[in-house]
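Colleague: Swiss-Prot lists these features:
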- 169-226: DNA-binding region (DNA_BIND)
- 257-271: compositional bias 'Polar residues' (COMPBIAS)
- 13-130: domain 'Response regulatory' (DOMAIN)
- Asp65: 4-aspartylphosphate (MOD_RES)
- 233-271: region 'Disordered' (REGION)
- 303-339: region 'Disordered' (REGION)
Amino acid sequence: MAQKEGLPAGRLSAMVIDEDKCHADSTSYMLSAELNFSVTVFTSPIKALDFLQNHAEGVDLVLADVHMEEMNGFDFLKVARELHKSIQVIMMSTETTMYTMKRCVKLGAQFLVNKPLDAGTIKNLWQYVDLKVLRMEKIKDLLQGIGDESTCANETNSLAENPKNDTKKKYYLMWTPHLQKKFLHALQILGKDASPKNIKKIMGVDNIDCRQIAAHLQKHRLRLTKDLKKASFTTDTSKDESNSRIGPAESHHVCRNASTLQPRSNTQPTETTMQILSEDAEYDDVYAAMRRALQYGIVFDESKHSSDPSGDEDEQVVVGGDQDGCANEANDIDSSGDHHQVAAVVTKPCNTNASQEIINKMTNSDGMQATKGSKAAVFRLVDYSESDSD
């Protein structure tokens, strides 16, 4: 049971101030049973203030009702805080409105709980109690055990017998700009042969070991790899952006230039071959026409078979007559008219290779004798006579 006067030592102490005696006793019982508090109950707020005035430092927690006839709960809270600034007060009220809670907190209360209190609320009261009180109690307990010489001697002996239990202190090395400069200089000298042991020799720093250098070397290489990947990604992105900036017109212009640069297909041999074939066919046609003219005794007009559109002078073949005095009859005609002679005269101001080739063909095929002149060529053909035929 809780005591109304005096505060027993060894446990956390609490005060319950409530004019409702039944509620005050039930609250005191739950505090003792659930939280192992040493509780003091007061039904008069004035007597509670007198007690606090003399024992304020020994009270850890105060639970006070807001609605009391002898003294208002807010006034009690204000005076109690003046007597002891670090005292922890939790207010109880049947009306837990926002206004009541704000006013309690403003005056220095830890929290406002709903009245009547139940076991669940009592169990959660420790959440509103400052843990500094509990820490102070633990400190007091530790301070009480310091004066025991036998305990200290036993602990000293155990540490001496088990030196492995003594943990080594770990310290972290900060890579200053000076160390980083030496580290990079060592890497530049060693190159591919860089190892933590060799780097340490070149750096010449005493307060550093190979493990720390190895860890820093690994981080340095990872950083370089990351920078290279980032640089390559940036380059690829810039190329894609430059290609995407080319518009349709520019791309068409580029394609057109590319097509201009491509070599054109050489069609000249094909055209030359076709021209030679057409000329050969033309020469054959002219040759056949001239033979027909000589055979049937008609005039050969080369203009009908000429393919030259430049308007050159036409070749003319005359059968059985004179041409500009350049050719005469080879034999006189007898009076009876039995002797006949056929002469062919070919005149051309421009002695072309085509006509010459045709004449040569005719001469070779028919056994003609050709005589060339400056202006025209006269060929003597076969004489036909009636006497020979008989």
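The backbone N, Cα and C atoms fix where each Cβ goes, and this holds for glycine too.
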Colleague: Relative to the Cβ position of the residue listed as '4-aspartylphosphate', how many further Cβ atoms are located within 10 Å?
Modeller: 22
Colleague: If I take every residue in the DNA-binding region (169-226) and average their pLDDT values, what number comes out?
Modeller: 81
Colleague: Which secondary structure state does DSSP assign to Asp65 (4-aspartylphosphate), in the simple three-class scheme?
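Modeller: Its secondary structure by DSSP: strand.
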